[in-house]
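Okay, structure first, notes after.
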Amino acid sequence: GPAGFYTAQHILKHHAGARVDIYEKLPVPFGLVRFGVAPDHPEVKNVINAFTQTARSERCAYYGNVTVGKDVTVAELRQAYHAVVLSYGAEDNRVLGIPGENLSGVYSARAFVGWYNGLPENRDLKPDLSCETALILGHGNVALDVARILLSPLHLLRKTDITDSSLAALACSKVKRVWLAGRRGPLQVAFTIKELREMINLPGARPVLNPADFTGLENAIKDAPRPRKRLTELMIKTALEKPGEKMMEVQAVVAQAAAPREWGLKFQRSPQEVLPTTDGRRARGVRMALTRLEGSGDSAKAVPTGDVEELECGLVLSSIGYQSRPLDPAVPFDTQRGVIPNSSGRVEGVPGLYCSGWVKRGPTGVIITTMNDSFDTAQSVLEDLQVGVLDVSASREGFGAVESILGSRGVRPVSFSDWEKIDAAEVARGKAAGKPREKIVDPQEMLQLIG
């Protein structure tokens, strides 16, 4: 993913003798740039060009289809290399921890995103889109992505690299109303203005914001930082805007009958229970505790008031954050914070072991945040080389040593030129359908393709 490639890029650029090997669990590279970024945000994926330059450097090699911690241990890697950097991100999602969470119709936003983006582990998700109302729990950019994909006109999605099967499912979707609910208020939303504006301007979908939620906020944001101020102002403006006054009454009636799709934000609501249908199998709604805020700004806490309300919905998507997992018993892990304990990327108590990206600082921020964070870790590696913390007097075998370990375990790594064959096949399939690419979602098919 981005953390791995940016760390490699920085080390290669600032050290003329360094060689970097990149290991990846899947046959295909780029992590969340490929599997997280929304299909209708192709410009965000341009970083792949820079990553490709890094991978093609003669001092860099890519080995896909290798699961570290299973196919090769961290201890084995540390014997083969002078330094090892863990950049494996956050491949789990936080759970709600409420009754009914496992009913049919309830999904994590992470799995839903993986489904429409062709992440192999989510390819068989088959979300049930037969209801009219969906509820997304969370007020971050991922929540907005999911809402946008659910409500986007098909002609817009057809031109993207969304997977064929999810496009077919969305074509049959009955969802026409999406609520995004959060525990805190408008001043605490985590999404950014670009994503909100895009949602407000989505063709064929009407924003439904309750003006009462925004009363008195103009004063509250006078001294707020500019991004927060602009974001709140956009929500207030949208909440207070009247639908075109000039519209003839006849048109208004017709428009109502056509029932455009709609979406809205609900604040200060904390999910208590997913309510089951009478047969006890499926979700029919969510009971939410109404909350009040203690404190202000980003540190405000949501406290239940004792009042509850039920919201009817047949589809529930929880978008309350990603979570890192411990990879290997040899690596310290802070389960409380979901990160590898480190300082500037140096793993605590394990010299020569480093981390970068979400597993280093938690699952927040955009690609540029991860870039800076990875450069910071790379800098730590370079400093440790300079001052002799890393002993490079004895040479290490690198992939030579790992290759024989993988061979003995029947694991066949995929090279970057192998990936380029998969890439070419995907682009060719996409071209036939008028898309930038048609992703291959089955790892076995990928491996067959490269022989």
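Cβ from N, Cα, C; glycine included.
Taken from TrEMBL, the feature FAD binding site covers ALA3, GLU24, LEU32, VAL68, TRP358, GLY365, VAL366, ILE367. When other Cβ atoms within 10 Å of the Cβ of ALA3 (FAD binding site) are tallied across all protein chains shown, the result is 27.
In the shown protein chains, 14 other C-beta atoms lie within 10 A of the C-beta of GLY365 (FAD binding site). The NADP(+) binding site annotation in TrEMBL covers HIS139, GLY140, ASN141, VAL142, ARG183, ARG184, GLU195, GLY365.
When Cβ atoms from all protein chains are considered, those within 10 Å of VAL68 (FAD binding site) total 20, not counting its own. Of all Cβ atoms in the protein chains displayed, 25 besides its own lie within 10 Å of the Cβ of VAL142 (NADP(+) binding site). Under a cutoff of 8 A between CB atoms, and with a sequence separation of 6+ in the same chain, the neighbours of GLU195 (NADP(+) binding site) are ASN141, LEU144, ASP145.
For the pair HIS139 (NADP(+) binding site) and VAL68 (FAD binding site), the C-alpha distance works out to 33 angstrom. The binding-site residues examined here are LEU32, VAL366, ILE367; by Cβ neighbour count within 10 Å, the least packed of them is VAL366.
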